[in-house]
Amino acid sequence: MTPDDTTRDDATAVDDRLEPALRQVREPNADVDVIDAGLVQRATLDGGVASVGLDAATLDAGTIREVTTAVDSAVRDVPAVDSVTVHRAALTSDPEATGTDAFERVIAVASAKGGVGKSTVATQLACALAADGEDVALFDADIHGPNVPALLDVSGPVHATEDGAPRPVRSEGLEVMSVGLLSDGAPLAWRGAMAHDAVSDLFADTAWTNTDTLVVDLPPGTGDVVLTTLQEVSLDGAVVVTTPFHSALSDTEKTVELLRENDVPVLGTAVNMAGFTCERCDHDHDLFAGDTPPAERLDTPALARLPFTPALQETPTPAAIPDPVADLADAVEERYDAVWSVDLPESGVDLRGVPADERRDAVADAFGALEAGEEFVVASDRDPTPVRTFLGDLADGDAPERFEVRRQNPETWLARTVRP
């Protein structure tokens, strides 16, 4: 049987052996199956490997998860299917882009303490973001102990583009790059400049097509690879991972400090192995003692408490996201928006990108239009503290008593005061 015998020859290619199963899956918001709803862009079956591409652009995150899980389950029941990949797809091949600047955002998962489950959290988070409809890539920056390939059950070879750039390996819709995919399991004894160069080259040269979000799994410690990443990659945020154990918290404090020193927004803390549910009494129990919540000790927002459970030890896939991980992904999205979204009142003034010789006039016009007692907010791409004295001059008096300055993200400072 040829491919033409089993595949419809139109823009939406669906293998005839998969179509009956897919037509059993309903679009939750309409009384039609996912094919008639236009959600299936392609569905192929080759050598027992089924691949289904979904157009999830019009669906909310919850519906995407529901449809992805239902499609995965339905296709797995087809007799000729041995394995299934469900992912977002494009009708035409996406262009490849090299380097981390190709991504809309880059989020690091970090902890100076080894053994806290950082790579587990990174892989689970990447899968959860993919389940929410994003095109996600995962970069394993751990040169000496690259665990991501084993956690995702993927292996090489890594192929190259015509220009010689390494292509990431695809797994369940994710794109994955790791030194572990290049080394064939051989021990890696790179140090110093060798590790620096290896990571730098992979960051710069890997040819990606999934360019919504790059999740970077940083190695433990604060050594060369971590410093290289902070220096050469523009990180839009970081999730720090710790257990509640006191030594893990002490090391993770160093990570938080290092991230802040390098102007990386700390999105918050994922507390791993926070507790477990006893099978006998069905009660939750903490694994570690401690009176102070870990996120409070680290002075970061609390993103999630991940339990010690077999569900988080299974091979992660966007088609089956454990509830605690889905909650983590939602919290990361919420914190990311809070860090990078700047909502100014109509009376505020945005100086970001405004030429230096026009800034004073912009502030004077906006401040002069206020009534006494009204709040005045300035957004700037540099420290706006000097604006305080200028506002005093405009008000024909002393500088405002209340003048709060906060750096919201690496690109934005906010200043708040009240018109005297």
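Using the three backbone atoms N, Cα and C, a Cβ is placed for every residue, glycine included.
Just so you know, TrEMBL annotations are computer predictions that nobody has curated.
Annotated in TrEMBL:
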type	residues	note
BINDING	A112, K113, G114, G115, V116, G117, K118, S119	ATP binding site
DOMAIN	17-86	domain 'MIP18 family-like'
DOMAIN	349-416	domain 'DUF2249'
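Structure with TrEMBL features highlighted.
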residue: A112; record: ATP binding site; Cβ within 10 Å: 25
residue: K113; record: ATP binding site; Cβ within 10 Å: 22
residue: G114; record: ATP binding site; Cβ within 10 Å: 13
residue: G115; record: ATP binding site; Cβ within 10 Å: 12
residue: V116; record: ATP binding site; Cβ within 10 Å: 24
residue: G117; record: ATP binding site; Cβ within 10 Å: 19
residue: K118; record: ATP binding site; Cβ within 10 Å: 28
residue: S119; record: ATP binding site; Cβ within 10 Å: 25
